[in-house]
Amino acid sequence: MLKNDLFIRALKRQATPRTPIWVMRQAGRYLPEYRAVREKTDFLTLCKTPELACEVTIQPVDLMGVDAAIIFSDILVVNEAMGMNVEIIETKGIKLTPPIRSQADIDKLIDPDIDEKLGYVLDAIRLAKKELNDRVPLIGFSGAAWTLFTYAVEGGGSKNYTWAKKMMYREPKMAHQLLQKISDCISAYLVKQVEAGADAIQIFDSWASALSEDDYREFALPYIKQNVAAVKAAYPEIPVIAFAKDMNTILSDIADCGADAVGLGWNIDIAKARKELNDRVCLQGNMDPTVLYGTPEKIKSEAAKVLKQFGQHNDHSGHVFNLGHGILPDVDPANLKCLVEFVKEESAKYH
């Protein structure tokens, strides 16, 4: 039994005495303790060494007092498992070779055995679950098919998603074939993460806003639905968060994907999102990550604003406090600590 299950209860829109908080990229470069581990090895080796991945997963629980841990990994491990060569240089960016741009390229991608190709993530989850000793829940995650598709087709990050869009508009059948292949891998991977001990799942569609509303409904959302359905078919009790960054104009469609919670970027008032979705799902977010560059007073006032905008809870509301995207690497850890402590204290009056 979890000693602190506030995060899980909030995702399920059950009553909680206060609002739980965790932060995307909470295991990361802003922490000197993370940097000390990271200095010994490269980024992907850190992801692939269960003992080290476990250590950095737990750091923010010990140091910051967050209400959930998220397994330390990277969304691109899925691309690598499917046969792509992935290079991640934290300060310089990402390179995937060869880029997937033809039918022959798609045919070469493998349908991986998750235990074999991504066993290191599952081992890290098992280890972290054991080390956490039920203090807080552990989140497993994957990138969404659309986001992983953009990396595969572009061969890295992109401003305009030229190659990805070319395939979408010129060869939509081929695009869907690749998306489906990626989605099948994601579904299997997420189910395996729960099997290994993950208490909740988040699907990150980081590049969601590269698509128009209609294109998002066609090329992204159906695959998120598949991934959520796969988790729910195997583990109906496991809550799932869908984070389609900055797709604020179609929140209702995203809320219909079957996920328990919808993650919000910071460029929407959470009150608007709550009103539109009418407490059909839990909301996660959504303070601007750059607020953590501010003074303690400013951090508290901005956090108070998010809590106030969400407003008073009722019998079927849920809110998980988070940033609208990942914490930035040059933030002072004391500022995150300040945020976590403030949210824990301030949020009680809304419950």
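Cβ atoms here come from the backbone N, Cα and C positions, even for glycine.
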For the substrate site that Swiss-Prot lists with ARG25, GLN26, ALA27, GLY28, ARG29, PHE43, ASP74, TYR151, HIS325, give the additional residue from the candidates SER187, SER206, SER209.
SER206
With every protein chain in view, what's the tally of Cβ atoms within 10 Å of the Cβ of SER206 (substrate binding site), excluding that atom itself?
22
With every protein chain in view, how many other Cβ atoms are within 10 Å of the Cβ of ASP74 (substrate binding site)?
19
